[in-house]
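Here is the structure we will look at.
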Amino acid sequence: MSLMGDAYPRTDEDRADAGGTAEAAGPAGVPDAAAVHARLRESAPMVQCVTNAVVTNFTANVLLATGAAPVMADVPGEAGECARLASALLINLGTPSGEQREAMREAAQAARAAGTPWVLDPVGVGSLSLRSAFARELLTFGPAVIRGNASEVLALAGAGRGGRGVDSTDDVEGTGDAAMALSGATGAVVAVSGPVDLITDGARVVRVPGGSPLLTRVTGGGCALGAVVAAAVAAARGLASPDSSLAGAVAAHALYAVSSERAALAADGPGTFAVRFLDEIARVEPAALRGRARAGETGAQ
Amino acid sequence: MSLMGDAYPRTDEDRADAGGTAEAAGPAGVPDAAAVHARLRESAPMVQCVTNAVVTNFTANVLLATGAAPVMADVPGEAGECARLASALLINLGTPSGEQREAMREAAQAARAAGTPWVLDPVGVGSLSLRSAFARELLTFGPAVIRGNASEVLALAGAGRGGRGVDSTDDVEGTGDAAMALSGATGAVVAVSGPVDLITDGARVVRVPGGSPLLTRVTGGGCALGAVVAAAVAAARGLASPDSSLAGAVAAHALYAVSSERAALAADGPGTFAVRFLDEIARVEPAALRGRARAGETGAQ
Amino acid sequence: MSLMGDAYPRTDEDRADAGGTAEAAGPAGVPDAAAVHARLRESAPMVQCVTNAVVTNFTANVLLATGAAPVMADVPGEAGECARLASALLINLGTPSGEQREAMREAAQAARAAGTPWVLDPVGVGSLSLRSAFARELLTFGPAVIRGNASEVLALAGAGRGGRGVDSTDDVEGTGDAAMALSGATGAVVAVSGPVDLITDGARVVRVPGGSPLLTRVTGGGCALGAVVAAAVAAARGLASPDSSLAGAVAAHALYAVSSERAALAADGPGTFAVRFLDEIARVEPAALRGRARAGETGAQ
């Protein structure tokens, strides 16, 4: 039978993407999530994940459900080779073993050299010392997107103490200035997850409301979102979008919000929700993402 | 959308627990599992897991379903820092890599110093040499609870050869003396899983019958139970229970037994069972745990 | 409650298998998958897996669903000890960390010395340099079966460039000569997954058609198949089959094809499919595997 859990690169040509002519921008300056999503399905970008041991399986399954092709190569001596061939890369700091930190450095460096866009998910930064210092080191390799929760973004921006339980709307909104400052300092798009997600490229702010609260009861919900952001940034690049990092981040958050709401309708709890979430990601039509994101100022909703 | 797969500590205050006045003791000297369960839901204790690669995802999802907040920090340089902030700690020996063993030492030492209760799950001890020696080393750090199957408990107690397939009722009952001796020697509550679970603090013996046999067809069933024991011990401490380790262990086993029986009713096999099990853990009402555990002598049922 | 996620060896006797008298050969020279499957259920062979971090959980659950007893011991100092006691061993190169490579060497060496049959799954070989060289080193330890996709088998045989997306029927059929050559050079049975699976012992070619395409949307689908091959080879040995490696590989592929087709009938997408797949593996009756495999020449279907 056909089997393809992991998609390994064959040659550079596999990665080449002819690009498209569609403009990935919707009305009112908000990137067109539907166009990016459609492109993601068509192009099946190869997304390398160097991520934590808890969520590798769920992350790969979420990527497969979106239509992307996950490669979970996270070993020194391979991670850089893979990052040169991949369409996008996720680095997630959830369980940063010594060998994995080495692979992360190697992959981030290779990604920068090869022009592979990469996403940093600074899990737990601000709470635990080792990874907090390591995250700052990784920032020097120029991530395209930084995706985290409010406390992690505040900690990376040097404005918070990091940590747990700061996922309320007010807290996300309270990170607007820090997120814009972090974006300005790093050149990365910064995405903050919460009841209303906040995404900024340092100039514009886009908000994505909604999504099921059951996502907070499934481990890896946030971690897999980072991988989907990477996939969507690769897709947005294929559209020759002038703001592919912002467009990709917005599309990924919209896809997550819509799919999780639909999954919740058929769920009896966190177990059935996680299963249905994969089904819904796989079948949501791109048009359903249209209109979910909206432009706005920091502090205003 | 709101996302919180991992809950990282912010400060010591996050961990502080004002405690309660309810007495976690039911009729006939058996700890009140319902009170502990209710407290677990309310207090959302942060539970650090240094556990094996096979079950990290399922363990985190089971903890989230109970209402606890899992943190899977298992890297040297972070594991001790995290153990000082966590409400409870699980150490599971399923796949003890060199780096993880170092993290386990660090976490257990920090837990002892900080007064964080911790649970040892001696997976495979008695069968494989390396982990058998390592488990004995970890015992010096004073676990609050040791949770395993009959052969593992016999091996740790020095009375068996360890190993596979000794999960029948007779075997569990046959470990009663060894479990009490191990408890006496270590000061830990010892919990032995089987068709009827046996839990002892060296003086009292509590039994928890039932639970679905489908748990034997899902990997991580036992490993995740160890994490729930840790969460429940943290909750029992919050109730200022004088026997929080026993009360927590009993409540965790009762929660598992009731939830797995309910999940089995809606299952067509091990796949649907595991999914439904998470749903049932999330929605079982504390009162359903009442009366499940019963006091008894070793050897008598 | 009874719990047995992991089955650890107690003594050599646990492993001993009295063997059977049934002949594991069906009509027309195709091994009898039904007999092997029935034997697998009865004998519950202990299968050690040294496999990648992404799929450990799914692999263990698939093995449990078949009736086998998974042990995921992958740490140096234990891996060899375990391989001497196990009934079969899987080595999968998906995420080959330094410590895991050491454990793989140790396990393969011990398996060869003890006569434990082992399966090599060369994930990503031909795409990434480190694992490609390492796979060739492992071949010297004499795997009983090599299971991969077309590109991986071509790469190992020295005839391809390896990589992604070569899972069409034509490609599998195009690997027939390379698979037979690889089998001849290594003495291993070689199994190539695709819309029609191709399995050869260097002399005979057996094909297994069918299986659900949803398997390509679930991570670990192929990796877990490698573990089932190991379990089935152990079962075929118990039948004293003269061609236990071929018989085991064929039975495993037939079990996968039938179970995945049934699971697809009840699935709404990749999430529900993966869950139902475990249910179907657990309940499929051996007779359903009969007639699925068919003998044939390379190049002919």
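Cβ coordinates come from backbone N, Cα and C, glycine included.
Unlike curated records, TrEMBL annotations are generated automatically.
Residues annotated as region 'Disordered' in TrEMBL: C:1-29.
The compositional bias 'Low complexity' annotation in TrEMBL covers C:18-29.
Following the DSSP three-state reduction, the secondary structure of C:G220 (substrate binding site) is coil. Around C:G220 (substrate binding site), the same-chain residues at least 6 positions away in sequence with a Cβ under 8 Å from its Cβ are C:V54, C:V55, C:F58, C:T59. The annotation substrate binding site is assigned in TrEMBL to C:M72, C:G220.
Following the DSSP three-state reduction, the secondary structure of C:S193 (ATP binding site) is strand. According to TrEMBL, the ATP binding site annotation covers C:R147, C:S193.
Proximity to chain B, defined as a C-beta distance under 8 Å, is registered for none of the binding-site residues C:R147, C:S193, C:G220. Using a cut-off of under 8 A between C-beta atoms, the binding-site residues C:M72, C:R147, C:S193, C:G220 that neighbour chain A are C:S193, C:G220. Cβ contacts within 10 Å of C:M72 (substrate binding site), excluding its own Cβ and spanning all protein chains shown: 29.
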